[in-house]
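Undergrad: Supplied in structure tokens, the structure appears directly below.
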Amino acid sequence: MCRGFSFRHLLPLLLLQLSKLLVVTQGKTVVLGKEGGSAELPCESTSRRSASFAWKSSDQKTILGYKNKLLIKGSLELYSRFDSRKNAWERGSFPLIINKLRMEDSQTYVCELENKKEEVELWVFRVTFNPGTRLLQGQSLTLILDSNPKVSDPPIECKHKSSNIVKDSKAFSTHSLRIQDSGIWNCTVTLNQKKHSFDMKLSVLGFASTSITAYKSEGESAEFSFPLNLGEESLQGELRWKAEKAPSSQSWITFSLKNQKVSVQKSTSNPKFQLSETLPLTLQIPQVSLQFAGSGNLTLTLDRGILYQEVNLVVMKVTQPDSNTLTCEVMGPTSPKMRLILKQENQEARVSRQEKVIQVQAPEAGVWQCLLSEGEEVKMDSKIQVLSKGLNQTMFLAVVLGSAFSFLVFTGLCILFCVRCRHQQRQAARMSQIKRLLSEKKTCQCSHRMQKSHNLI
């Protein structure tokens with residue numbers, strides 16, 4: 001009886017002691033981390049106070065711990081990247097911090113705390129950008145997600161401020177990148193309802209627009225500016241041009257860019273170009289004419305690829321070949337929706353057609369205007385002064401020159417007449433003076449003779 005009684009009373013005590021020795025294993029917590037980044041593995045105390053703890057690897061090697069007011073650390077060679085947040089211990093939090101994550105860090109870590117075991121599963125993933133995060137306009141970017149073989153294709157989603165959202169599992173590609181796609185992309189990897197976000201900085205190098213068009217009247221200067229975000233890139237450039245009436249394209253100018261300085265290598269003399277020596281690339285034609293109207297391609301060759309920019313030049317010319325005809329002509333690439341309009345200034349359109357050449361017969365004298373418009377937008381306009389009927393430009397020029405010549409002849413005759421009159425006046429004055437002197441001399445001689453005769457008597 002005594003021995004039975006003793007056993008019945010000792011059994012609860014033995015179970016109580018055994019419960020203190022047993023370590024309770026709980027469910028695993030999953031933590032995601034990106035290669036090269038940091039990860040924080042949680043371990044919380046229910047008492048919310050400082051306590052002894054130990055972090056161990058899956059093979060039971062001690063990484064670090066705290067016991068009897070002493071900090072315990074494992075092999076420095078193996079765990080130099082591992083640490084904890086000591087200022088959180090007083091609050092009952094004992095996290096394991098792993099810096100500069102490696103793919104081989106993916107494993108199960110065990111936190112022993114208050115006679116309990118907390119298992120934390122760390123999944124480290126690697127993101128590969130092909131061909132990189134600095135690309136040329138029009139190129140494609142492929143993002144590949146590598147993770148632990150045990151993980152089956154975790155989904156990834158990337159967002160950009162341009163409202164681009166790309167979703168896929170393990171890998172995705174973005175095609176025909178634009179300059180607007182440059183900037184910070186926020187990507188999120190999801191696994192077992194756990195999410196890890198990281199930023200991707202993407203730089204897309206290229207032109208601000210895929211094509212530019214200049215609308216100019218004949219005789220005006222045309223300027224083409226090519227804003228680029230190339231940084232310190234070096235390149236070779238060429239502008240090839242095909243005039244509207246030319247059978248084929250030709251090289252207009254070749255140049256190079258090195259250390260932010262532009263150097264012209266070869267250029268045509270007709271038209272004559274002016275190229276800026278610094279960025280942004282600026283190309284100027286001092287005087288355009290109908291023969292230059294057309295389109296071309298600016299090609300920039302860089303180490304990482306080739307960039308293209310379409311360039312268009314539309315030229316307008318308004319002429320009055322004779323007194324009975326007014327002509328407006330446009331050459332260069334225009335939209336089928338564009339319309340040519342001829343009208344007198346501040347009046348209704350006389351002619352309005354979707355053609356490149358329009359005419360007005362017997363135009364009234366005054367200021368005439370030719371406009372090239374697309375819808376409500378006027379792309380360009382040019383003005384001309386129309387002379388009265390029967391007085392064309394040649395006649396007007398002849399009249400002006402004749403009048404000028406007549407004026408010069410009249411002025412010359414007036415000057416000659418004035419000089420002659422002056423000469424005559426001077427000659428008359430001189431003759432008058434001579435007569436006066438002669439008169440005075442005769443008077444003196446007569447007086448002398450009379451005095452001499454008187455003396456003889």
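Every residue, even glycine, has its Cβ placed from backbone N, Cα and C.
Features from Swiss-Prot:
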- 28-127: domain 'Ig-like V-type' (DOMAIN)
- 128-206: domain 'Ig-like C2-type 1' (DOMAIN)
- 207-316: domain 'Ig-like C2-type 2' (DOMAIN)
- 317-374: domain 'Ig-like C2-type 3' (DOMAIN)
- Cys418: S-palmitoyl cysteine (LIPID)
- Cys421: S-palmitoyl cysteine (LIPID)
- 1-27: signal peptide (SIGNAL)
- 28-394: topological domain 'Extracellular' (TOPO_DOM)
- 418-457: topological domain 'Cytoplasmic' (TOPO_DOM)
Undergrad: On the DSSP side of things, how many residues of the domain 'Ig-like C2-type 2' (207-316) fall into helix, strand and coil, could you say?
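TA: Taking the domain 'Ig-like C2-type 2' (207-316) as a whole: 3 helix, 68 strand, 39 coil.
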Undergrad: For the topological domain 'Cytoplasmic' (418-457), provide the mean pLDDT of the predicted model.
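TA: That stretch averages a pLDDT of 68.
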Undergrad: Relative to the Cβ of Cys421 (S-palmitoyl cysteine), which residues of the same chain, six or more apart in sequence, are found under 8 Å away?
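TA: The list for Cys421 (S-palmitoyl cysteine) is empty, so the answer is none.
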Undergrad: Compile a sequence-ordered list of residues in the same chain as Cys418 (S-palmitoyl cysteine), six or more apart from it, whose Cβ lies below 8 A from its Cβ; state 'none' when nothing qualifies.
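TA: Expected: none.
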Undergrad: May I have the DSSP-based helix, strand and coil counts for the residues of the domain 'Ig-like C2-type 3' (317-374)?
TA: 0 helix, 39 strand, 19 coil
